[in-house]
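Visitor: Shown below is the structure under consideration.
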Amino acid sequence: MSILFHAYPLARPALFAMDAETAHEVTLAQLQRAYDCGLTRKLLHAQPEAPATLMGLSLRNPVGLAAGLDKNGAHIDALGNLGFGFVEVGTVTPRAQPGNPKPRMFRLPRANALINRLGFNNQGLDAFIANVQRSQWRSQGGILGLNIGKNADTPIERAAEDYLIGLAGVYPHADYVTVNISSPNTKNLRALQGGDELSALLGQLQERRLALADQHQRHVPLAVKIAPDLSDDQIDAIAEILPRHGIDGVIATNTTLARDAVQGLPHAEEAGGVSGAPVHELSLRVIERLRSRLGDAVAIIGVGGILSGRQASEKMAAGAQAVQLYTGLIYRGPALVGECVRALAQGSR
C-alpha cells in the first residue's frame, strides 16, 4: 500500500509536465499495470469498516469514484481496488464519438482545479458494455454505477431517445444508472434540467425502467446528475420532480461555468467546466437546498471539490449519504480515498 501511495507524489511533477489529458491516460495505464501485478489488490481491504446504504444498495464505504475518470469502463477493477465503496463509469453515449477538439483539458494548480471541455468522448455503448462485462468488480461485492448521456449530434428535442437506448443497454449490468443532464460541454444539454423538460424525460425513463425491471426481474435505481449553477427556484423544481417520477438519487454536482475562483489564472478563460476546489462550496449549497426540500425521499451523492477527508465530511453534514471523488485524485493521488473513508468512518461513530 505504501509503495503506491508514495509513488504518486513522486510521479506528479512528471505527470504535470505533460498535457493534462495525456497524463490522465498515462496514469490509468500505470494504475492498470499495478493492478494486474497485484500491487493494489490489498488496498480494498485495508480501509476501515464504514458500511453505508445508498439507494437501497449496501456499500463497503460511502466513498465512490465519480463518472468521467473512466469513460469507457476499461479500468473498473483497478480503480475500485484503490479502496472505493462504489465506482461510477461513463458517460457513455449510444454511438461512439470523439468529443471536442484537443486540447480540451487544462490544469489550474494554484486553484486545485481543472477545466475540461471533453464533450462525452467515448467508444460507444457496445464497447462500454463489453468492458463492463469483463470486470470482476461486482462479483467481488463492489457497487457499480453506469452513467449515460446523449450523442452530440442528437437534437435536444430527441434526447430522450438516446437516454432510453442507454438505459436499456446498461440496465442488466448496473447496480445503479445515472442520467447525466448537466455536462456544460454538450450543446443545450443543461436545458434538460428545466421543469417541463426534466419531467418529460424522467417520465419516459421511469416507464422504460419499469418494463426493464419486469424483463430482468430486478430493480435498478436511477440517479440524476445536476449542475452547481442552478438558482434556488431551479433546485426547488428539481426536488419536486425527482420523487414524482420515482428517481432514487441525485448527484450534486457536476462542473461549474463560474470563473470567480480562478479569475486571472493561466487557462482560466478556456471554455469548459471547472472542477476541483472551486466547486466545493457551490455543491454544498445545492446539497443543503436539496436536502431541505427532499427530506429522506431521494438519496444525495455529494461530489465536487473534495480534496480532504474534512471536505468529504462537510458534504455528508450538508445532507449527502455518500460522496464521489475525481479532481481531488489528480491533485492528491490515491491516498485521498483512504483519508476520506477514515474521516467518514470516524464521523459515523
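Just so it is clear, glycine is given a Cβ too, placed from its N, Cα and C backbone atoms.
Feature list, courtesy of Swiss-Prot:
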ACT_SITE  Ser183  active site, nucleophile
BINDING   Ala67, Gly68, Leu69, Asp70, Lys71, Thr91, Asn147, Asn180, Lys225, Thr253, Gly276, Gly305, Tyr326, Thr327  FMN binding site
BINDING   Lys71, Asn116, Arg117, Leu118, Gly119, Phe120, Asn180, Asn185, Asn254, Thr255  substrate binding site
Visitor: Which of Ala67, Leu69 has the fewest nearby Cβ atoms, counting only those within 10 Å, among these binding-site residues?
Guide: Leu69
Visitor: Name the secondary structure element type, per DSSP in three states, that contains Asn254 (substrate binding site).
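Guide: DSSP assigns Asn254 (substrate binding site) to coil.
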Visitor: Would you count the other C-beta atoms found within 10 angstroms of the C-beta of Ser183 (active site, nucleophile) for me?
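Guide: A 10 Å sphere around the Cβ of Ser183 (active site, nucleophile) contains 24 other Cβ atoms.
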Visitor: Is any of the recorded positions Leu69, Asn147, Ser183, Tyr326 within 10 Å of Gly119 (substrate binding site) (Cα-Cα), and if so, which, in sequence order?
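Guide: Hits: Ser183.
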Visitor: Want to know which recorded positions, from Arg117, Asn180, Ser183, Asn254, are within 10 Å of Asn147 (FMN binding site) at Cα; which are they?
Guide: Asn180
Visitor: Relative to the Cβ of Lys225 (FMN binding site), which residues of the same chain, six or more apart in sequence, are found under 8 Å away?
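Guide: Within the chain, Lys225 (FMN binding site) has Cβ neighbours under 8 Å at Ala67, Asn147, Thr178, Val179, Asn180, Ile181, Ser182, Val250, Ile251, Thr253, Asn254.
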Visitor: Would you kindly give the Cα-Cα distance separating Ser183 (active site, nucleophile) and Tyr326 (FMN binding site), rounded to the nearest Å?
Guide: 15
